[in-house]
Amino acid sequence: MAITCKTILKNCGKIFWNFPRACLTGFLFNFANYFYWLVVPLIMNDKGGSTFDLSLLQTVGFIIYAVLTPICGKIGDKFNPYIVIRIAFVFFIIAVAVILIWPSSIAALYVSVCIWPFCTGFFWPVTTGTIGLEAPLGHENRNTSLYQVCWSVGKAFGFLFGGMLKSALGINSLYICIGLVLINMIVYPFSHPKRVREKLKKLKEDKKKNKKEKEDIAVDVDVIKKTEEQPNKSVEIEMTKEEPADIQVPKDLVETPKQSIELPRNEKPIKIKWTKEEFNNKTFIYLGYIMQCGIYGTSAVLSNMYVKLAQDQDVNTPTKGIDMYIGIIFFFYFLAQTLVMVLMSLTMIWTYKRIFFLIFQLFYIIMLIVFAVSRNAYVNWFLAFVGGLAGGFAYQTSTYYSMRASESSKSMFMGISECVSGLGNSLLPLVSGLLCTYLNNNYVQIYISIVCILLCLILEEIVYHVGMFINGRRQAKRADPTNQDFHYEHPEQSQGHEVQQSQEPDGHDNDQSDKE
């Protein structure tokens, strides 16, 4: 009984470990984050903002986010990540407070979305990197996927309750964002686990140790004798014919007195052929970026401007107002995104298959077409779920291929992935908003979104064939270790072999050295 109680208490204590607390923080942060991003455009709409005004909000926020993300990641690497995250939370509170202090000002909304990236730009790269660092060996993928699922669920509920509470509380609903961020300040871990702290300490000590070690550039075959002199005087080196007892030099390396062998500095290492997965990844990573840019950019168009189209269509909805209807649409969209991400983390059958790119983007186009013609809320909610499947696939493919792009540059490729997402979220809403305002037609946002996805499909096809052709030629130049004729010779061995052959062209040099 005592053992059972001890086991139960031990398992209950695991909820206070860093990883569960980080997952809860991700859920709460995205809840607050997308609650904010639903309520702020609705406030702009209530103030009489145009479609262009709505798109400009998204553009301003996400352009700053795209620029800041790589810089924020660097800062998170240099300083304590737990302190950096808490400073980022303060920026979020300030961004919300600006709107609450000046509730009737449209300019306050723009100031708020300019401050918002200083929170999100720090939060995502730093928390994701910390989770990867703290994951036990072999569990990095599992922990990262679980974290993604948690924040994706938070995104879905943020949209759901954002629409619901905006209808009930108006602008005061933003106080909920401040409350959630304050909870995160308490819940988020305060330091690395002991295991990770010891690992980082050891790496730091090894780095200092390596700096002190001198690198050997050349090895002299001649036996030298140093003459002891006073300090600060030059040291003369005399060549001797005798070998000291404590140094053994192989016969094949004993040559003329002035001879020395230098290690090659600029030898090019032999490039081994990529595996099938590595070869495919060289091309599919770009397909993932293209799809992510298209899907995320057009979903940003809808989340900011679809409210205008829904008002023009006079959608038949069982909800009390249009705000709640919009919130439910994006709840189903991000719920589907979460489910896809869970399924994709459990199986690998989708990897390196172009057919899935086509299927999911067709789902998304169907959703856009239905949004343009349907006034039935239930039909639109169902199609939002179908379109959300594409959103989940786009994010997971881009993340998966980026993580496998390079063992030494994972952060760089993840940064590229986030920048692509941020640029899509900023540029497409801007273009759509300008055209909707210029043509005075809110259906333009749907047309632009459909054209954008079709262009992505065409571009993916071109990039696939060009990438496969180029990488195929690169692969052909690489050495195949499974080939019987393949022989890898270390550069030092090869250089030593060449020197020996040059000294013994006719097989008499060894005899001459013996006589000497």
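Heads up, the Cβ atoms here are built off N, Cα and C, so glycines get one too.
Look at TrEMBL and you will find 21-44, 56-76, 83-102, 171-191, 283-302, 322-343, 355-373, 379-398, 419-440, 446-470 tagged as transmembrane segment. Taken from TrEMBL, the feature region 'Disordered' applies to 480-516. If you look up TrEMBL, you'll see 493-504 marked as compositional bias 'Polar residues'. Annotation comment: TrEMBL describes 505-516 as compositional bias 'Basic and acidic residues'.
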Problem - Range from 56-76, 171-191, 283-302, 379-398 with the greatest count of C-beta pairs under 8 A to the transmembrane segment (83-102) - result: 171-191
Problem - Cβ-based contact of the transmembrane segment (56-76) with the transmembrane segment (419-440), 3 or more pairs under 8 Å - result: yes
Exercise for the section: Test the contact criterion for the transmembrane segment (379-398) and the transmembrane segment (446-470): 3 or more CB pairs under 8 Å, pairs 6 or more apart in sequence, then answer yes or no. Expected result: no
Exercise for the section: Among 171-191, 283-302, 322-343, 355-373, point out the range having the most Cβ pairs under 8 angstroms from the transmembrane segment (446-470). Expected result: 283-302
Handout entry: Leading stretch by Cβ pairs under 8 Å, where the reference is the transmembrane segment (283-302) and the options are 21-44, 171-191, 322-343, 355-373, 419-440
Key = 419-440
Exercise for the section: Look at every Cβ pair spanning the transmembrane segment (21-44) and the transmembrane segment (322-343), keep those 6 or more apart in sequence, and say whether at least 3 of them are under 8 Å. Expected result: yes
Fill in the blank from the handout: Same-chain residues at least 6 beyond the ends of the transmembrane segment (171-191) with CB under 8 Å of its CB atoms are 18, 21-22, 24-25, 28-29, 31-32, 35-36, 39, 43, 82, 85-86, 89, 92-93, 96-97, 99-100, 103, 161-162, 165, 197
